[in-house]
Amino acid sequence: MDKNKDLLENEQFLRIQKLNASDAGKRQSILVDNEDELYGLTSSNNSCASEHEGEGEGEDERPATTSSAPTQNHSAGDVAFIPGKTAEEDTETVTKVVESDDQVFRTHVQTLSSKGKSRYRKGSSNFISFFDDMAFENRPSILDGSVNDPFKTKFVGPTLEKEIRKREKELMAMRKNLHHGKPAPDADAADAPALTTTTTTTTSATSPETVVTIETTILSSNFSGLYVAFWMAIAFGAVKALIDYYYQHNGSFKDSEILKFMTTNLSTVALIDLIMYLSTFFVVGIQYLCKWGVLNWSSTGWAFTSIYELLFVGFYMYLTENILKLHWLSKIFLFLHSLVLLMKMHSFAFYNGYLWGIKQELQFSKSALAKYKDSVNDPDVVDALEKSCEFCSFELNSQSLNDQTQKFPNNINVSNFFMFTMFPTLIYQIEYPRTKEIRWVYVLEKICAIFGTIFLMMIDAQILMHPVAMRALDVRNSEWTGILDRLLKWAGLLVDIVPGFIVMYILDFYLIWDAILNCVAELTRFGDRYFYGDWWNCVSWADFSRIWNIPVHKFLLRHVYHSSMSSFKLNKSQATLMTFFLSSVVHELAMYVIFKRLRFYLFFFQMLQVPLVALTNTKYMKDRTVIGNVIFWLGICMGPSVMCTLYLTF
């Protein structure tokens, strides 16, 4: 009976019982930094908690969180009370400590008690992993799956004329039979893959009572030839522009400003980029210290990691601007790459931080269950411990299904983090879908696409954009003659730069999200090539923000959207606003790196997407998808040009 009382009055067990209550439906997580003092328990040296992750990961829309039950013992995970005291005295001591620290306890409860996650799907006993918000699988990119691969494997030339002639013969035979009152032969639609038919009904001329079905053919064709013609036109246009520039500048390219930008300080940029990459392994060191029991993730590990992440971006911004004084092109490259590395560090660190909490709770639940299972009469107590063990075991085991040697915490090693940094993804997990081999011909195609696209971008920037940018700087540095005059000049610059920016936007997207990411994915045998969706068909900015950049969207979904719901008790709308706000701040920082001017134009346009999303969800716009797509493309064509000229002119 004393053991029953010990367990039922143990604060740690009461937390786990609440987390796993079948009628509660949510798994609450409460952290107090000085839990050891509050509960009068000592923490195991070989475990780290993970309460600060709070990342939502699940298809459920409720906020997600980490939750852990610290291992309260000196050895083997057994529950240990204050030495030299009976169970009754120990309970009284815990009560007094809690009462004396009541204000601290309440503060932590108010901050963290909202962190919760449903462990079971509604109406079933199936677990919901904290990482159910996304899944990786073997799949090609959209351009490869819809255009490139079919063109290379299925293109046979013109087929429409052959199918039309076949259908014409069938139609003439059908009409002839109808004229003589004979039944129409069945047309095999499968024999006409290039044609789509609609069905109408008529009556026989000789037998009005007979209803006859006639199929009307709608033409459809393969446009692969136009795909070839498009790139052919781009290539000839680029060659012509290159030749014209060559002769206009006395047979030399040395005067090209864009070429100078691209080739200045290459060795310095490469060295800084290497140092920046190597410095990301700091988070691996933090996880090693947690693994060895030197640091506790919940109290110090997460704090060291978060501070380092802020210093990481700030330091390299300061280094490139104030010390090295690099050109704007070098600065924006290093800044954007630092953001990529920052997101990778954060995902690796807080993924493992969450699993430290799960592992700790499993240790506590197993030890408590082994000690009290036969002596506790309350079935709810045993049920809570068993559910905790089941869920934590499921969560840990489901992270590494194919390679047990990388099972947490064995995944915390330099080689594992190195491979993650090589993969074209910002979301860390222990295993990813992989292809069987590297297609070196495919790699060569993508390398050619990379350098070819960069070549086109340089020509576009040199001929269509750079002259307009220089005129914009002249306008900014000219004598102020009034806002109206400045706006008129700005409007003229805007009209001139729009065509070049449209081309640059499309080429930039293709270069990064298709050519580079697919090349890296092939070299690392990374199977999931879903780097972007069909954003060109978007009818709202909400769709665009989700599918134009899938890797970043996944990161924001897990580490910002769900995390803000858990940590700051935000609802879905507030979490969405929070995500847009953070994204807008980062985009504005990018503009500061380029223009060295803090004007908040891009921040304003980014946040403007929020009311635009609400507008597209209205009854008037929801069913007008064509208008929505036209408005979307108007924004894509005008938006970058408007922002660039605003930063340059004002």
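Using the three backbone atoms N, Cα and C, a Cβ is placed for every residue, glycine included.
Now, the feature entries from Swiss-Prot:
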ACT_SITE  HIS587  active site
COMPBIAS  64-75  compositional bias 'Polar residues'
REGION    41-79  region 'Disordered'
MOTIF     531-537  motif 'FYXDWWN motif'
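Helix, strand and coil content of the motif 'FYXDWWN motif' (531-537), in residues and according to DSSP, is 3 helix, 0 strand, 4 coil. Residues within less than 8 Å, Cβ to Cβ, of HIS587 (active site) and separated from it by at least 6 positions along the same chain comprise LEU602, PHE603, GLN606. Along the motif 'FYXDWWN motif' (531-537), the predicted structure has mean pLDDT 95.
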